[in-house]
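**Student:** Structure incoming, see below.
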Amino acid sequence: MAASSARDRLTVIRRHLAPHPRDSDLQGHGGQAEGAAGGGDGVQNKGIQWQTASDTTPPPHPHTTIPRKRQDLLKWNGWGYQDSKFLVHKEKDKDYYVSFTGSRYKIGNLVLPHFASWVKETLGVKFDDCTPPQPPPQPQDYPASIINQEFLDEMKRLGIEMSIEGEDRLFRAHGHTLAEVFVLREGMFPRIPDVVVWPGNHSEVVKVVAAAGKHNVALIPFGGGTSVSGALLCPEEESRPIVSLDTSQMCRILWVDEKNLTARIEAGIIGQDLEKQLQARGYTAGHEPDSYEFSSLGGWVATRASGMKKNVYGNIEDLVLQVRAVTPRGTIDRYTAGPRLSAGPDTQNFIMGSEGTMGVVTEVTLKVRPVPSVRRYGSVVFPDFSSGLACMRQVAFHRCQPASIRLMDNQQFKFGHALKPPTGLMGLLSDGIKKIYLTRIRGFDLNTMCVATLLFEGSEQDVAQQERRINTLALEVGGIPAGEANGERGYMLTFVIAYIRDLGFDYGIVAESFETSVPWDRVATLCHNVKHRVHSQCQERGIKHRFVTCRVTQTYDAGACVYFYFAFNYRGLSDPVHVYEEIETNARNEILGCGGSISHHHGVGKVRRQWMSQTISETSLGALRAVKQYFDPDNIFASGNLI
């Protein structure tokens, strides 16, 4: 037994300790070798590094959920899968109703009997007034490619897959802001990537970046395409060829260290594939942003992402032990296997949150945990938002958060109720009894009450203890436990809510979300003031039908994340996207005035870039520009994000 353990340990040690990369590994990479670029004197560092894909025979490429030809599975002009969508139906001589197609979600293939009436009442929708999107573009509709033939020839010689087909280029020209999706439905972007390349590993990325520098080609990294900050938009003023560097084929788990609970993973893997592969081995990363079905590990790092279960597993910066990224100057790496390092400022933070402006993430070492034995949902209803917020504050104060706890205001509570499927006779009776209990016995007002959804993970003992603690704190402020079903449904709706916007477009509704982080003593004021500001802006523009709601999604010792949804009926407005952007700009100014941040986890991109000078000092901005200039003196990574 001792010999076997020693062999296992030696395997892990060998995996972690390896010689520094040779200068020859980076030949042609920006004209400099790694040692010269890092030290400036041509002297190579003598250190140790994490094992990378090139150190051993790499594992085979696994099956990926999203194919390289994304258009074979995903919508070209909206969110998510082609077979998953909200549809409006009309029965003969009866009113309209809404259903959700497909079987990927629990709401799939179900009629939603209350949703159509909620949409008509809240947003003034007329279901006989439908504006379908334009048909898919024809080959002549795509902007012509700016071709650098020398670059294409080099990609071909290196064996790196590439495409100049219009569909491939368009799919990587945008994220999912309101403005971007509106363009897809109504027109065409003035500029889209000229070429798409699919490197298969870190070494091929090195070659692509080197070739881009050599031939003066601009690069924009592409992960899952879920950006809501305009980060993937091609700058219209860019005269060079723009290449979309798609990381999706870099999707392997290179190794899992079961003793140290770490895993080395290629950055192009999307969240659902990461979890499937880890859970097959009995582990989880636990990082679940709302977009995790489609967003990538590299994208999480590049935007400093946050997940729904951060209370247990942490935000992405808490999960990451090591980042490997390729810049035009060379590879950013760390040559240590320890869990923490005190060796000056952490250079990994140059890449964390850099949004593709300095380089592209290729490999990440993450902390992993054994899959929890118990996963349980819960919910609590409160008489009003202030009492729910008081409970959230106490939960954070006592540091007894479950994996996820999210408080929805009354508007979002009603919205969620409108999405309930049929419940049958017993369900109707049960709902009626609950309603009588809440309103007549407990005195709750259906126009003020709100709900918190809960997710517990851990051992049976830990989960039971967490449930008791949460329920006790809720009862102290007038809350009532509301059962597991409501919590599970609320968690599921997180993944389907993005599909609703596509339906809204068909009937004259534009919708978007925005978020912030704010200290605890300003959460209530910020929520109230921002919603009031949005309503006032709508009134000034004659917008009668609108929906403004918020929820508190993440809690910390010193504050919380607040997430807003905003939708309005744009019938009669000539430029609804511009109107929306004006209103959101005013809302963002209100957020900053109330002490909130420009973003908690969506990032900056191009949409929020104008507020960077109100977020960090001019000296700090100068430091970011200087780092950008060092890593990328010729602006090869020319997305124009952040700074």
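Glycine is no exception: its Cβ is also placed from the backbone N, Cα and C atoms.
Automatic prediction, not curation, is the source of TrEMBL annotations.
Since we're looking at a predicted model, the values are computed, not measured.
As listed in TrEMBL for this protein:
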ACT_SITE  Tyr563  active site, proton donor/acceptor
BINDING   221-227, 303-306, 355-361  FAD binding site
BINDING   Arg501  substrate binding site
COMPBIAS  28-42  compositional bias 'Gly residues'
DOMAIN    188-371  domain 'FAD-binding PCMH-type'
REGION    17-46  region 'Disordered'
SITE      Arg406  site 'Important for enzyme activity'
**Student:** Where Pro221 (FAD binding site) and the residue listed as 'active site, proton donor/acceptor' are concerned, what is their Cα separation in Å, rounded?
**Tutor:** 27
**Student:** For the domain 'FAD-binding PCMH-type' (188-371), would you mind checking the mean pLDDT of the predicted model?
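**Tutor:** Value for the domain 'FAD-binding PCMH-type' (188-371), mean pLDDT as a whole number: 97.
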**Student:** Including all protein chains displayed, how many Cβ atoms other than that of Arg406 (site 'Important for enzyme activity') lie within 10 Å of its Cβ?
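**Tutor:** Result for Arg406 (site 'Important for enzyme activity'): 24 neighbouring Cβ atoms inside 10 Å.
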**Student:** Just name the most isolated of the binding-site residues Pro221, Ala305, going by other Cβ atoms within 10 Å of its Cβ.
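**Tutor:** Counting other Cβ atoms within 10 Å of each of the binding-site residues Pro221, Ala305 gives the minimum at Ala305.
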**Student:** Measuring Cα to Cα, tell me the gap between Tyr563 (active site, proton donor/acceptor) and Arg501 (substrate binding site) in whole angstrom.
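**Tutor:** Their Cα atoms are separated by 16 Å.
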**Student:** Between Gly224 (FAD binding site) and Arg501 (substrate binding site), how many Å separate their Cα atoms?
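**Tutor:** Given the Cα positions, Gly224 (FAD binding site) is 19 Å from Arg501 (substrate binding site).
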**Student:** Quick one: give me the count of other CB atoms within 10 A of the CB of Gly359 (FAD binding site).
**Tutor:** 27
**Student:** Gly356 (FAD binding site) to the residue listed as 'substrate binding site': how many Å between their Cα atoms?
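**Tutor:** Cα-Cα distance, Gly356 (FAD binding site) to the residue listed as 'substrate binding site': 27 Å.
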**Student:** Which of these binding-site residues has the least crowded Cβ, counting other Cβ atoms within 10 Å: Gly224, Arg501?
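**Tutor:** Least crowded of the binding-site residues Gly224, Arg501, by Cβ count within 10 Å, is Arg501.
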**Student:** How far is it from the residue listed as 'substrate binding site' to Gly359 (FAD binding site), counting Cα to Cα, in Å?
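**Tutor:** Rounded to a whole number, the Cα-Cα distance is 32 Å.
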**Student:** Does Ser227 (FAD binding site) have same-chain partners at least 6 apart in sequence with Cβ under 8 Å from its own Cβ, and which are they?
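**Tutor:** Listed in sequence order, they are Gly175, His176, Thr177, Gly299, Thr303, Gly603, Gly605.
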**Student:** In Å, rounded, how far does the Cα of Arg406 (site 'Important for enzyme activity') sit from the Cα of Ala305 (FAD binding site)?
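**Tutor:** Cα-Cα, rounded: 17 Å.
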**Student:** Using a 10 Å radius around each Cβ and all protein chains in view, which of these recorded positions has the most neighbours: Gly356, Tyr563?
**Tutor:** Gly356
